[in-house]
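Asker: Input: one structure, supplied below.
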Amino acid sequence: MSEQFQHVSVLLHESIDGLAIKPDGIYIDGTFGRGGHSRQILSQLGENGRLYSIDRDPQAIAEAKTITDPKFTIIHGPFSGLKQYVEELELVGKIDGVLLDLGVSSPQLDDAERGFSFMKDGPLDMRMDPTSGIPVSQWLQEADVEDITWVIREFGEDKHAWRIAKGIVAYRENEENEPLTRTSQLAKLISEVAPKSFKEKKHPATRAFQAFRIYINSELDEIDTALKGALDVLAPEGRLSVISFHSLEDRMVKHFIRKESKGPQVPHGLPLTEEQIKALGSAKMKPVGKAIKPTKNEVDVNVRSRSSVLRIAERL
């Protein structure tokens, strides 16, 4: 791995322990990143074990290609395609564990050229896969106040969404201004239009940058599809281990596990026969333990782990 952009895997041992690795099992790491979790899984697999890792970031793929272990296969694509990849491998119902480490990796944040961070000047891009889709700069050039407001409010949960959106459009429409193409430009603009009484500990641009990244990469849709796909491909007693980094992600994971643990909800008093009730299906998962958060020691070593939450579930 490049010394320039090191990555420390969050909740590494807890998430791998949650998979209850079998030496001859078949596992999916839906988010290879820089390979911390994948390497840990591989270290616990025997000769007949298999690990298939997924990532859509070309830099992650380059890192994955340095692994020569014959038990390992890298798949270039979004983790929302998890079920499709497993179908092509003819392994549906045979997967012993799926790991999803959501959010942006440290190398992506630290590399100014990727445009994810307001702390470093770089092109205003934010795409997980720079070869597809459009950069944030292009979207901001075309979107109206209502659309920008919705994105910031929906994905950034920022109460100043309208004010920020209005400021972006006003800046854009002033012909004397340079086009918004740099992260530093956008961060400075947001700081200027945010209320002076805005006294959060976080930088005023934190929530907006998160919102634009989530939107431009369709992250929540990707997560929803990946969770459903994982459920479909897991073997009985197979484990799902998911690390999230903000409340929107964790809420999705929590609600998904809760919903699949309850099974179909039939309104009280609805006249259904036993056969009809059976046809509706039953609970498909069960939660394993409670949500796990990083220890103080881990946060001290890696401050970016402070908001992470690990949830584990088992296929029934």
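A Cβ is built for glycine as well, from the same backbone N, Cα and C atoms used for every other residue.
Owing to the predicted nature of the structure, the values given are computational and were not obtained by experimental measurement.
Just lifted these from Swiss-Prot, have a look:
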| type | residues | note |
| --- | --- | --- |
| BINDING | GLY35, GLY36, HIS37, ASP55, PHE79, ASP101, GLN108 | S-adenosyl-L-methionine binding site |
Asker: Any idea of the Cα spread of the S-adenosyl-L-methionine site, GLY35, GLY36, HIS37, ASP55, PHE79, ASP101, GLN108, as a max distance in Å?
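Answerer: This binding site's residues have a maximal Cα-Cα distance of 17 Å.
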Asker: Considering the binding-site residues GLY35, GLY36, which residue's Cβ sits among the greatest number of other Cβ atoms within 10 Å?
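Answerer: Buried the deepest by this measure is GLY35.
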Asker: Using DSSP reduced to three states, classify PHE79 (S-adenosyl-L-methionine binding site) as helix, strand or coil.
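Answerer: It is helical.
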Asker: Give me the long-range Cβ neighbours of ASP101 (S-adenosyl-L-methionine binding site): same chain, 6+ apart, Cβ under 8 Å, in sequence order.
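Answerer: Result: SER9, VAL10, SER15, ASP29, GLY30, THR31, GLY33, HIS37, ILE243.
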